[in-house]
Every structure is written in C-alpha cells, then in structure tokens.
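J.: The signal peptide annotation in Swiss-Prot covers 1-25. Positions annotated as domain 'IGFBP N-terminal' by Swiss-Prot, on the basis of sequence analysis: 26-108. Per Swiss-Prot, disulfide bond is recorded for Cys30-Cys33, Cys41-Cys45, Cys58-Cys64, Cys72-Cys85, Cys79-Cys105, Cys160-Cys188, Cys199-Cys210, Cys212-Cys232, and the stated evidence type is sequence analysis. Annotated region 'Disordered' per Swiss-Prot: 104-159, 218-238, in sequence order. Taken from Swiss-Prot, the feature compositional bias 'Basic and acidic residues' applies to 110-120, 127-138. The domain 'Thyroglobulin type-1' annotation in Swiss-Prot covers 157-232 and rests on sequence analysis. Look at Swiss-Prot and you will find 226-238 tagged as compositional bias 'Polar residues'.
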Amino acid sequence: MTWDGLPTQPLLMLLMLLFAAGSGSALAGCPGCGAGMQTGCRGGCVEEEDAGSPADGCTEAGGCLRREGQPCGVYSPKCAPGLQCQPRENEEAPLRALLIGQGRCQRARGPSEETTKESKPQGGASRSRDTNHRDRQKNPRTSAAPIRPNPVQDSEMGPCRRHLDSVLQQLQTEVFRGGARGLYVPNCDLRGFYRKQQCRSSQGNRRGPCWCVDPMGQPLPVSPDGQGSTQCSARSSG
C-alpha cells in the first residue's frame, strides 16, 4: 500500500487526527512495566506512573511506554513523556510508516523549531510580492480584482481522490468516537483513481484486511483459491 503523489496537507491533517484518536483510545490507559507486563516489553520500557487498570488491547500491544529511538506507530504503545512518535527524516511515505508502526520516538520539538522554516519567506516569493505591489501602484484598476487561487473542482478529481477528501472531512468527528481502529483510507494513484490493492489499517501486530478493486473502486472477485489473496490481477489500475 503506497501513498505516492498524495498532497502533503491532507496527510498531515490525517496524522494529527489519528494521533488524537490514539491518545483517547484504549492504549491511553495502558499500564507501564508492572503488573506482569514485563514479558511483553521487548527492548525495555518506561513505567507509567499512576496508570489505571489495563484496558482492552493493552496486553496485545505490550502495555509499555516506548523509549527514545524505539519504534512506534498509531496502534502501538505510546512514547514516554517528552517524546513524540514521528516518521524518520526524509521518509517518503510518513503516513504509512506511522500506520504500520515504523515511526520512532523522538524528543518533542517546540513550536518555534517547527515554524522556523515556515516563518522565513522565500526570496523568490518576496520579490514576486514586491513586483505585484509596484504593478498595482502603476495600474490601480488591477487592484480592484483580488487574485484568487484556482481550486481543483470536484469534477476534475478522480473518484479515489474525491473519496479521500470525503474521508478526511468525516475523520474529525469519527476518530473521537473510537473510529480510528480498522480505518480505511483510500489508496489513490497519481491521477486520483484507485490503486489495485486497498487495505484497512493494521491493528497492533495484525495486518488489516486487503482486497482488489478496479480503477473506479469496484471490488474484484477473490482469487480462485477462495482465500482472498491480495495478489490482484493486472486488470485493475496501479
């Protein structure tokens, strides 16, 4: 399942929503290394103080807080206080990495560090704004009509891209009801159509179910062995 070609802004929004759901889900009440949970803590863990009783899914997840540098993800135990689960630097598919537990617990960065690059105006953009300002002074009539970006119309999007935008709009309410488990995010190609293999997100160590679709998202018949193989035929896009 790949995430190539998807716009950065929707993916960042989805990541924030998924971690908001994770913090309020069953994993939030997981205990630390005590209460017989040590056997599930490979590589060591940090004991969480004042932890409540184990919630559903804690035993399966290991019930630990991950240390700095240890792997983490949306459906794995939380990072220790002061750490955040982040994709690796230059990760090509950050959303997928966090969904399958390939993130890393790292020191939380302050707001000033995250916004430093964004706050620095690019030289080309600054010069462009200066040029536009001078042009408006020379031609006052042109300033009456503000320049607006040309949004992509729904009719110009592929069916998978429209589906993805719809999912992002609904996530804000669904994740806070525990709807992040078994989440299905459409797997789109560069043209906005469905890739041949679609999968639900993994839960813990269990991989989510996958199925095959055509470019319009219609499910294709399962393999002749009846096992629902994820080896999709060449008839579908992707």
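Backbone N, Cα and C define each Cβ position, glycine as well.
I'd like these features described in context: how deep, what's nearby, how far apart.
T.: Mean model confidence for the domain 'IGFBP N-terminal' (26-108) is a pLDDT of 64.
DSSP assigns Cys64 (disulfide bond) to coil in the three-state reduction, outside any helix or strand.
Non-local contacts of Cys72 (disulfide bond) by the CB criterion (under 8 A, 6+ apart in sequence, same chain) comprise Arg66, Lys78, Cys79, Cys85, Gly101, Gly103, Arg104, Cys105. Cys72 (disulfide bond) carries a strand DSSP state (E or B).
Residue environment of Cys105 (disulfide bond) contains 24 other Cβ atoms, counted within 10 Å of its Cβ in all protein chains.
Cys160 (disulfide bond) falls within a helical segment according to DSSP.
In the three-state DSSP scheme, Cys210 (disulfide bond) falls into the strand class.
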J.: Roughly how many Å separate the Cα of Cys64 (disulfide bond) from that of Cys210 (disulfide bond), to the nearest whole number?
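T.: With distance taken Cα to Cα, Cys210 (disulfide bond) is 29 Å from Cys64 (disulfide bond).
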